[in-house]
Amino acid sequence: MKKVIIATQNKGKAKDFEALFSPLGYEVLTLRDVAEQLDVEETGVTFEENAILKAETVAEALQTVVIADDSGLEIDALGGEPGVYSARYAGEQKNDDANIDKVLENLAEVPDSERTARFRCVLAVAAPGKQTETFSGSCEGVILTGRKGDQGFGYDPIFYVPEIGKAMAELSPEEKAAISHRGNAIRKLESSMPDWLETEK
Ligand SMILES: O=P(O)(O)OP(=O)(O)OP(=O)(O)OC[C@H]1O[C@@H](n2cnc3c(O)ncnc32)[C@H](O)[C@@H]1O
Ligand SMILES: [Mg+2]
């Protein structure tokens with residue numbers, strides 16, 4: 001079976017990637033499987049910079065093709081926060097529950113009509129000696145006033161998707177893949193997939 005390495009430590013992302021890549025015939029491996037000690041510091045100020053940083057560092061270390069994902073939630077009423085700081089919004093311990101609480105508190109006085117937001121995802125595909133390529137995707141939604149659903153990860157329980165009429169955390173991995181920022185970015189990657197992603201390694 002073909003394999004794809006995703007430079008992530010996030011188990012929730014890994015599940016999303018499995019739902020997206022298994023139909024394409026790939027087994028998904030993450031840093032947890034291939035290089036657990038590799039933790040890249042995310043010093044970039046854009047999703048693109050961080051995705052490239054993670055992909056190139058891990059591709060160099062493993063000497064093979066690697067995909068990295070940098071993603072996050074942009075809330076209009078908070079001027080685009082938490083953005084690239086989504087994972088560590090409530091502190092370096094990266095706690096999904098604390099991050100959600102902080103968003104809900106910051107939006108406590110904000111009416112429904114102004115709770116618009118979007119998830120963004122930038123994927124970087126890197127390989128030693130090759131030009132890195134990036135693909136981006138987004139997904140529009142509205143921030144709920146409380147949690148709904150128990151699937152997914154991160155901010156999924158407070159992210160309502162109007163086109164489906166459900167919170168992201170109420171969707172199965174396959175349903176999420178069909179409409180998510182990550183799914184949209186992977187579909188772009190797939191349609192202009194650099195041949196070198198096909199390497200069987
Ligand atoms: O860097 P890696 O190891 O991939 O894992 P991470 O969790 O640190 O990932 P990011 O730096 O890209 O931060 C993304 C954060 O944005 C949020 N996020 C991204 N995609 C999401 C999704 O599909 N659903 C819910 N929250 C998401 C979530 O809080 C993530 O921790
Ligand atoms: Mg990270």
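Heads up, residue numbers simply count up from 1 along the chain you see.
The backbone N, Cα and C atoms fix where each Cβ goes, and this holds for glycine too.
All TrEMBL annotations are machine predictions without curation.
Pulled from TrEMBL, these are the features on record:
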- Asp70: active site, proton acceptor (ACT_SITE)
- Thr8, Gln9, Asn10, Lys11, Gly12, Lys13, Ser71, Phe153, Gly154, Tyr155, Asp156, Lys176, His181, Arg182: substrate binding site (BINDING)
- Glu41, Asp70: Mg(2+) binding site (BINDING)
C-beta crowding around Glu41 (Mg(2+) binding site), within 10 angstroms: 9
DSSP-derived class (H/G/I helix, E/B strand, else coil) of the residue listed as 'active site, proton acceptor': strand
Chain-internal residues, separated by at least six, CB under 8 A from Gly154 (substrate binding site): Gly12, Leu73, Ser86, Ala87, Asp96, Asn99
Cβ packing number for His181 (substrate binding site), 10 Å threshold: 25
Among Asn10, Gly12, Glu41, Asp70, the recorded positions whose C-beta sits under 6 Å from ligand 1: Asn10, Asp70
Residues near Ser71 (substrate binding site) in space but at least six apart in sequence (CB under 8 A): Lys13, Phe47, Ser86, Phe119, Arg120, Cys121, Val122, His181, Arg182
C-beta crowding around Asn10 (substrate binding site), within 10 angstroms: 20
In sequence order, the binding-site residues (Thr8, Asn10, Glu41) whose C-alpha falls within 10 A of the residue listed as 'active site, proton acceptor': Thr8
